[in-house]
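Engineer: Dumping the structure here so I can ask a few things about it.
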Amino acid sequence: MATSASLLLLLPLLSQPWLGAGADTQAVVCAGTACYSAHWGKLSAAEAQLLCSKDGGNLATVRTEEEARHIQRALAQLLQPGAPWTGKFWIGLQRERGKCLDPRLPLKGFSWVGGGEDTLYSNWYKEARHTCISKRCVSLMLDPSVSSLSSHLPKWSEGPCGSLGAPVNNIEGFVCKFSFKGMCRPLALGGPGQVNYTTPFQATSSSLEAVPFASVANVACRDEIRQHFFLCKEKATDVFDWGISGPLCASAEYGCSFGNGGCQQECLEGEGGSFRCGCRPGFRLLDDLVTCISRDPCSSSPCRGVATCVPESLWKNYTCQCPEGYQLNATQQDCVDVDECQASPCEQECVNTPGSFHCQCWVGYEPSSPGGQACQDVDECTSPEGGLCEGYCLNTQGSFRCTCLPGMELAPDGVSCITGPTFLGPSAETPQEQNTGDRERSLRPSTTTSSPTGGPEGTSKVASTGWRLFLESNASITPTSPQSLATTGSPGIWMEYSSHHPTATTGHEESTDRDLIAQQKNDNPDWQKLLLFYILGTVAAILLLLALALGLLVYRKRRAKREEKEKKPQSAADSYSWVPERAESRAMENQYSPTPGTDC
């Protein structure tokens, strides 16, 4: 219903010429595969878009400078020579309500009415307003300070879009764009006559440089009463012509003297005023007997983009070829980039580029060779004196750590060392250290006491009673301040600065570990005493454990015997005892015998 009402309001505009400074109501310029028509009319942006879409188009896009020049030519045809360059003409660039300005983009958040991607070309008169509560539309502004329109491309001006029946001030017209699949060449006349073209969007012109597909040509020769009508048709893929042969309106009276007989290149006269068209060497005559094209099939540049055209044998056909890093697309006439990173050519990270690629290394790594695909660890601990760490610097795969000396702890900056409280056992790790998930090497004090003792000069000293050594398989230790190391001793705790990727341990790192232990032995005079103390303590602990184990074993055996004796079953005879046996000789004696040992 809204569309029907809009058309009813526009009927007066469609039935009579639009108001304007020029006699013509529209001007048309066709190039490539599009036509641009400029119109007079004090309309809102919505009304102008409705008129353009009625004939199958949209308000014009201005995506490139070339397209801007085509529209500039259409506006120059519409305006009368010498007329002031004032007023504005709608184009199809709009920003809907609720969508805010984006100053980072060339189109500032605006988009084309006909759709499509954002474009890089822009020609703003001034910065657009930062408003999101109303719809905004763009028009081409004719600058009155410029004497000639042809020498200055119109600027883009944004503002209110107007409403139905209420146009915006200074809006004098609009520009439409109509796209086509192809174009025909203008018809050439071999004698006096007139050609008028009627385009599919109802525009008429007699001076088109390219005629859009499906246009009708009306040819009226001076010496003929009837008129001829021809249709621009598609003869083959990307080939459009009128389907006629020979020059139109040819006249024996004029021969080749009138417009070169309508021939594109050569006009060859015969007897009796007859003539025919011919072509220069390297060209051939088409079926219309007027137009010449190169015998080289690549002369029309059929391949697009970075593709190059290569003619086949006998110059009858061609093929498109792509440079290294590209391949033909589905049309076989253009090239697309090949993503070499799909084959994983790099050791760490691959970055695809148009036609090529390059490798990058993670943080803490560097290329093994210029332009190479492999990466190697960067030893951050080889910085100059006083560089990274105040104490020790521990190189790791892709990173490094700073450590402090006994009686000191790492400052919050992760580099400096400050005096801190001593403690027993390993130091607490920071959340960053706990999340690394790597086995790391450190030197942590296991039994350290700090007691101020008066030295010869009244200075305080720190007495150490023991150290525990923790080793990481993928790190090396480098002192970054030799002077401080000579006075303070062995390293303590550390903090990791950046993430790293562990790899296999190298022989250099193992050597560094041995150098560190040797350095500790040389710097600590009580090393041998501490070592003997630990050995004796360990032996005593082992002997104590063995004694406890032996005692437990004896106890368990005795208890097992006692439990076995208690659980043994008893018989009924266990409560009786056997009478001692007497000797058989005594058993045979008669107890009544008066004389023992005799029967009587």
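Including glycine, each Cβ sits where the backbone N, Cα and C put it.
Owing to the predicted nature of the structure, the values given are computational and were not obtained by experimental measurement.
So TrEMBL lists the following for this protein:
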type     : residues      : note
COMPBIAS : 444-460       : compositional bias 'Low complexity'
COMPBIAS : 478-490       : compositional bias 'Polar residues'
COMPBIAS : 588-600       : compositional bias 'Polar residues'
DISULFID : Cys303-Cys320 : disulfide bond
DOMAIN   : 31-161        : domain 'C-type lectin'
DOMAIN   : 294-336       : domain 'EGF-like'
DOMAIN   : 337-371       : domain 'EGF-like'
REGION   : 422-462       : region 'Disordered'
REGION   : 478-514       : region 'Disordered'
REGION   : 560-600       : region 'Disordered'
SIGNAL   : 1-22          : signal peptide
TRANSMEM : 531-555       : transmembrane segment
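Describe each of these features in terms of where it is and what it packs against.
Structural biologist: The C-beta environment of Cys303 (disulfide bond), restricted to residues of the same chain at least 6 apart in sequence and closer than 8 Å, consists of Cys309, Tyr318, Cys320, Gln333, Asp334.
Mean pLDDT for the domain 'C-type lectin' (31-161) in the predicted structure: 86.
A Cβ distance under 8 Å defines the sequence-distant neighbours of the domain 'EGF-like' (294-336), meaning residues of its chain 6+ beyond its ends; these are 238, 282-284, 354-356.
For the domain 'EGF-like' (337-371), residue counts in helix, strand and coil come to 4 helix, 14 strand, 17 coil, using DSSP.
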Engineer: How many other Cβ atoms are found within 10 Å of the Cβ atom of Cys320 (disulfide bond), counting all protein chains shown?
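Structural biologist: Here the count is 21.
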